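Taken verbatim from TrEMBL:
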DOMAIN    1-295  domain 'SAM-dependent MTase RsmB/NOP-type'
BINDING   Cys108, Ala109, Ala110, Pro111, Gly112, Gly113, Lys114, Glu132, Asp159, Asp176  S-adenosyl-L-methionine binding site
ACT_SITE  Cys229  active site, nucleophile
Amino acid sequence: MNLPASFVDYTRALLGNEEYEKFAVALQQDPPVSIRINNRKWMMNHDDYSLKKVLWASEGYYLDERLTFTFDPLFHAGCYYVQEASSMFVEQILRQYAKEPVIMLDLCAAPGGKSTHLRSILPEGSLLVANEVIRNRSQILAENLTKWGHPDVIVTNNDPSDYLRLPSFFDIILTDVPCSGEGMFRKDPVAIEEWSLENVEICWQRQRRIISDIWASLKPGGILIYSTCTYNTKEDEENVHWIREEFGAELLSLDIPAEWNITGDLLGGEKLPVYHFLPHKTKGEGFFLAALRKTRSDGESILNHDIVKSKNQKKKDKRGGTPSSFLISRENLKIAENWLRKDILDKYVLTTEDTTICAFSRQYQNELAVLKQNLRVIQAGTTVGEVKGKDLIPAHALAMSTSILRQGVFVTEEVTYEQAIFYLRKEAITLSVTAPRGYILLTYRNIPLGFVKNIGNRANNLYPQEWRIRSGYLPEEIKTL
Ligand SMILES: C[S@@+](CC[C@H](N)C(=O)[O-])C[C@H]1O[C@@H](n2cnc3c(N)ncnc32)[C@H](O)[C@@H]1O
């Protein structure tokens, strides 16, 4: 690995000679591979796997080797997410500081590693808003969150400055800011090519702009989690100092076992409670994190003032949903309702937009209305179905949902590995002769994979076209979980 000379000089000076040598050796080694299990969907049988745990993440595991993830149906079904181990440390902040339901924003969220993780560990009853400024990346974020299957998620596609319209809205904000990516050198050679001292300068300034834009959206007493995947102190410690001074924030420390080998403040002088992951000390890539509490009030809560429910909105609430759009019949709304678990019907509201029916948390209807008024909301809750002609077609999100779909409402058909790959490539599937006509939920190893419509001699594949496996070949050696 050919590291830029100015990076070597800077980092050697930062870590000291002896430590830098160990660091440089670690950078030459293969990066560990790690995954995080979606335990709402798939309980990994520990007798079948002997995986080493990621110490700071309840569902994080190291794999001995890289699997052929693209060809693993369980991966597409949202049973696990391939995520770098160090970044799973975000869990510790929530475990120690978020004990009650919260409204949380993940501001720089694509492709969704941390959002899916947050959705697994936020207290029950919390709402997660996952935002990504780059449009096509926000689609990938929405895809990964749909597969993860939690119903209480909103995905937005906005610039951080758009959030200035939502003062004091969030209890917790994660800013996993775009950075110079030094911590990714071992995993991604492009990060080395793109690195320069000039880029570090651009990055720390952009990071401050992002924090300035988002700060007002944090409620007084709320928590900002600031993270990067870089080592230099300009983007890390110096920015944390700046946030503290600029906004009067209080740094929060975490209770961390010494054997995790996490490194603290790399600057001399006052030692801040900040957390560095260095690859020669912790098994993972470079990562930095700090948590700060907002102590001052600098705006008023939008929810107390601006959201005076319109009469119309109140009417909708009473009925338990939006009046059906003229494109959706009462019968189809009834069918959609019948697809949902009975015990969640008082907690979720069916809403309609054009030809689509969605289920969204009743508790957060107001917040959703505010977000829709002010931002570009690309997804909210779970899409239940879409009307085509007279038919209501069950949505893929319904199949992926961990808690909305009523068990037994669709006939299921277990498929083989080969059939599963055919399905995920959106090719035609032939089901067993005993399979009834109509919508059938395919399962692989008893995990829902998606819907087909069985029309007798063949089954129409309802897998989302844009998510299909595009590769036409199967690798010679398939390694799956
Ligand atoms: C480090 S990545 C986020 C990784 C993500 N949190 C995860 O765990 O999967 C930073 C993200 O910030 C986005 N981004 C780039 N420029 C931005 C800006 N000016 N403001 C906000 N986000 C930006 C990038 O598109 C990228 O998706």
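Just so it is clear, glycine is given a Cβ too, placed from its N, Cα and C backbone atoms.
Overlay of TrEMBL feature records on the structure.
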residue	record	Cβ within 10 Å
Cys108	S-adenosyl-L-methionine binding site	22
Ala110	S-adenosyl-L-methionine binding site	24
Gly112	S-adenosyl-L-methionine binding site	28
Lys114	S-adenosyl-L-methionine binding site	22
Asp159	S-adenosyl-L-methionine binding site	13
Cys229	active site, nucleophile	25
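Of all residue pairs in Cys108, Ala109, Ala110, Pro111, Gly112, Gly113, Lys114, Glu132, Asp159, Asp176, the annotated binders of S-adenosyl-L-methionine, the farthest apart have Cα atoms separated by 20 Å. Rounded to a whole number, the C-alpha distance linking Cys108 (S-adenosyl-L-methionine binding site) with the residue listed as 'active site, nucleophile' is 13 angstrom.
Under the three-state DSSP scheme, Lys114 (S-adenosyl-L-methionine binding site) falls in the helix class. In this structure, the CA atom of Ala110 (S-adenosyl-L-methionine binding site) is 14 Å away from the CA atom of Cys229 (active site, nucleophile). Here the CA atom of the residue listed as 'active site, nucleophile' lies 13 Å from the CA atom of Lys114 (S-adenosyl-L-methionine binding site). Taken together, the residues of the domain 'SAM-dependent MTase RsmB/NOP-type' (1-295) have an average pLDDT of 96. On the backbone, the CA of Cys229 (active site, nucleophile) and the CA of Asp159 (S-adenosyl-L-methionine binding site) stand 21 Å apart.
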